[in-house]
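Peer 1: Mind having a look at this structure? Questions to follow.
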Amino acid sequence: MYHLGDEYSQKAKREGYLARSVYKLIEINEKFSLFSSGNVLDIGASPGSFSQYAYKKLKRGVLVSVDINDISLRYVNNFYFIKGDIFSDDTASKINKFGPYSLVISDVAPKTTGNRLVDTSNSFNLNMRIIDLSFEVLLKKGNLLVKVFQGGDEMQIFKKFEKYFKFVKKIRPKAVRKNSFEIYFLGKSFGK
């Protein structure tokens, strides 16, 4: 989604990315070195900018992108797209088929209602599913990055990260819009 006047949207368009959100991932990766050898899972991949960047950073292994909506990316080698709902057993089974993963990234957000309490609750439930699914497919020492909405039960998510990862960090990248209440939680070195 490109919005005139937004520097990150204009930059994304110039550089061929599908969405401005890619600069959040780029900034986080430059600071915390998310990518290593191994498979990468992008949950909530639409419109596809996180997957575009992840594909460029892929060292060995495959990129698996999952979303309930189609994405326009079509790479020939080492790329698989799964159209499905992460709450479905069938989708989880397909994700498992390509694992394990050294990195799971998620920029997914629930459909927003405008009611912050409802939106943060929906974000929490979505992220708990992403985390549970990630714990099934992450390699020991793997990394997990998720977007969460502030103002609800997000600290429960952070505590779960602290329990299972050696390094955890709350991050608000510069590309996050000023009026947004989103932040990212990063967990590195799964399984302590």
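Here the Cβ of each residue, glycine as well, is placed from N, Cα and C on the backbone.
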Peer 1: Select one of Asp67, Asp132: the residue that Swiss-Prot places in the S-adenosyl-L-methionine site alongside Gly48, Phe50, Asp85, Asp107.
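Peer 2: Answer, per Swiss-Prot (S-adenosyl-L-methionine site with Gly48, Phe50, Asp85, Asp107), from Asp67, Asp132: Asp67.
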Peer 1: Tell me the Cα distance separating Lys147 (active site, proton acceptor) from Gly48 (S-adenosyl-L-methionine binding site), rounded to the nearest angstrom.
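Peer 2: Between the Cα atoms of Gly48 (S-adenosyl-L-methionine binding site) and Lys147 (active site, proton acceptor), the distance comes to 15 Å.
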Peer 1: Just checking a number: largest C-alpha distance across Gly48, Phe50, Asp67, Asp85, Asp107 for the S-adenosyl-L-methionine site, rounded to a whole Å.
Peer 2: 18
Peer 1: For Phe50 (S-adenosyl-L-methionine binding site), which of the three DSSP-derived states applies: helix, strand, or coil?
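Peer 2: For Phe50 (S-adenosyl-L-methionine binding site) - judged by DSSP and reduced to three states - the answer is helix.
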